[in-house]
Each structure stands twice: as C-alpha cells, then as structure tokens.
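Taken from Swiss-Prot as is:
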COMPBIAS  59-71  compositional bias 'Polar residues'
COMPBIAS  172-181  compositional bias 'Basic and acidic residues'
COMPBIAS  247-261  compositional bias 'Low complexity'
COMPBIAS  344-360  compositional bias 'Polar residues'
DOMAIN    166-215  domain 'bHLH'
REGION    3-17  region 'Involved in interaction with phyB'
REGION    59-84  region 'Disordered'
REGION    131-181  region 'Disordered'
REGION    235-261  region 'Disordered'
REGION    344-366  region 'Disordered'
Amino acid sequence: MSNYGVKELTWENGQLTVHGLGDEVEPTTSNNPIWTQSLNGCETLESVVHQAALQQPSKFQLQSPNGPNHNYESKDGSCSRKRGYPQEMDRWFAVQEESHRVGHSVTASASGTNMSWASFESGRSLKTARTGDRDYFRSGSETQDTEGDEQETRGEAGRSNGRRGRAAAIHNESERRRRDRINQRMRTLQKLLPTASKADKVSILDDVIEHLKQLQAQVQFMSLRANLPQQMMIPQLPPPQSVLSIQHQQQQQQQQQQQQQQQQQFQMSLLATMARMGMGGGGNGYGGLVPPPPPPPMMVPPMGNRDCTNGSSATLSDPYSAFFAQTMNMDLYNKMAAAIYRQQSDQTTKVNIGMPSSSSNHEKRD
C-alpha cells in the first residue's frame, strides 16, 4: 500500500505527478520526463496510463507472436486514434477518474496481446489470447467439419445409388429369365400343336390353370386334414343296428364255412383209412395188419372277432363240395369209429386162426 492516505495524480509539464496528504516520502517520480520523445500528439488515455506504469525503474518488454514490440504501439503502428481531449482539464479529470479505480486493465491491441493488473503496486501479468489465431483455428475446424459432413452425405448418396442400381439390375435379369421361360414354353407348345391357333393355345392355358387350381385346392385340403386330429375328423359314433346285423351274418357264414372244411377233412381221412383197410374195393388181405391212424382230434372253430368289419372272406372252389356237403355230428363219428374198430378186430382174429392151420398142413405134407 502507499504511504499516503489520500493521493491524486496531476499532469504537469508533460509529466504525471502524485500529490497526497500525510507523511511524505520520497516521491517515486523523477524530475526528468519518462518519455524522452515527444508524444507527437498522442494525448490519449492509453498514453497517460502507460506513463504511470513506466515510473518504476525496471522496465519490461511485451512479446507478441510476431516479435518484440518496444514502442507499445497499436496494430496500426502509431497512436492514430485520438480520444479528442483538446483541453488539459478534461485530461486531468480522466486521469483522476481512472486512478480511483481499484483494478486497472489495459489491452494492448498489438498482435492480440493483453496486459492486466489489479493496482500500481501489484505485480503485472501478461496473458496472450491470440484471438485471431483462435478464430482462425475455430473457423478452420468448422470448415473441416462441414467438409466432412458433405463428404459423408456424398458417400451415402453414392452408396444408395449403387444399391438402387444393383437392385434394378437384378430385377431386370429376373424379368428377362421369366420372359425366356415363357417363350420357351410357347415354342414347345407350338411344336406339339403346330396347327393350333392363338385361341386354342389360350384355351389350353385356361384349362391348365383350372387344373392347377383344383390341384392346389386338393393339396390345401389334404394338408388341413393331416393337421386336424383323428378324433375331430372321424367322430366315433355307435354303429347302427343294420351294421351289427350284417356283421353277425358274416360271422355266421364264416363259422359255417369253417365247419364244412373240418367235415371235409374228416371224411377224407376216413376214406383214406378205409382204402388202406381194403374196404373201398378189392384190397389185399393184409390191409388189416396196418394199424389205423388215430382219429384227428376234435377241432373247435375259432370265434370270430365281433369288432371286425371285413367279413367278406373268399372261399376256395372245391369240386367235391357237393359230395362232401353232408351234416356230421359226434354220434355219427363214434359209430363209424366203432364199426371200423370191429372190422379191424375181426380181420385180425381171422388171420390168427388161419395161420396155424396152414402150418399143420405143411407138417402133414412132410
């Protein structure tokens, strides 16, 4: 802080003088003017403030991006802009008003360099903004972004055009192949029907189309039928009485046919036995020596399935069916078996009786 309680700045003989109340110390101003050169008419506020700032013995130089600038000139190189203070009083009031401010900031327009400080006693700080370069870089980045967006837009447009072109080419190729197939079929039809007119060909095509529609409908019906469950397609309803009666008749017919076949087999076996025994014509006398075959066991016809619906069994045509179609029961079978056994026993006894007499005759001859 300053040693003066109150201070003021005055402009005297081209120099800035400080006046104050209280204990005085050596003035910080020198008797010699700070600027050896004349102001050359540059009596602006910036010039006055520069004089106040340069009262310290140490001097500093401001550096700009383009090089050192010792004269603290503006961008134009001279103090060409004048504030227009022709009178000394106006300058004094301006300096006094500026001195009462706590912080002073001076912007040097040369090369975009800023200089700011809080008070006369505080240290100076330099800060280079380079607003021009920043604006340049900003504008350059914006330009690059814009160019990149334009390039992306052009690339997307080119890709979309390429896709459209490929799709159109594929469509044209498929259409060409379809026309070729149609033409080939028409040529084949022309070869098959060389004298047919266009109306005949159209009618043939109409018939083919109708046939294809019918086939398609049948295929759809079959697919639907296959997808439906079996119970929904054919509901299990109880069979009517007529169906039951027909099934019963068919089962009875099957049983009768089986019985007839069994009787025929039994009669054939009896005839074969009688033929071996010599009863069916002139047989040898030793036929009774051969034991008769055992009678076939009684065959019980299997019961037919009542649930079966297919009762139409094809019967074999037998020429002896009229002869053997006779009723036979167990009583007749037993009687025939007893008669055959009696005949066999009689023949065996006769043979046994005749054999000793023949042996005695041989002895007598001897």
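Including glycine, each Cβ sits where the backbone N, Cα and C put it.
Mean pLDDT, taken over the domain 'bHLH' (166-215), works out to 86 on the 0 to 100 scale. Counting residues of the domain 'bHLH' (166-215) by DSSP class, helix then strand then coil, yields 45 helix, 0 strand, 5 coil.
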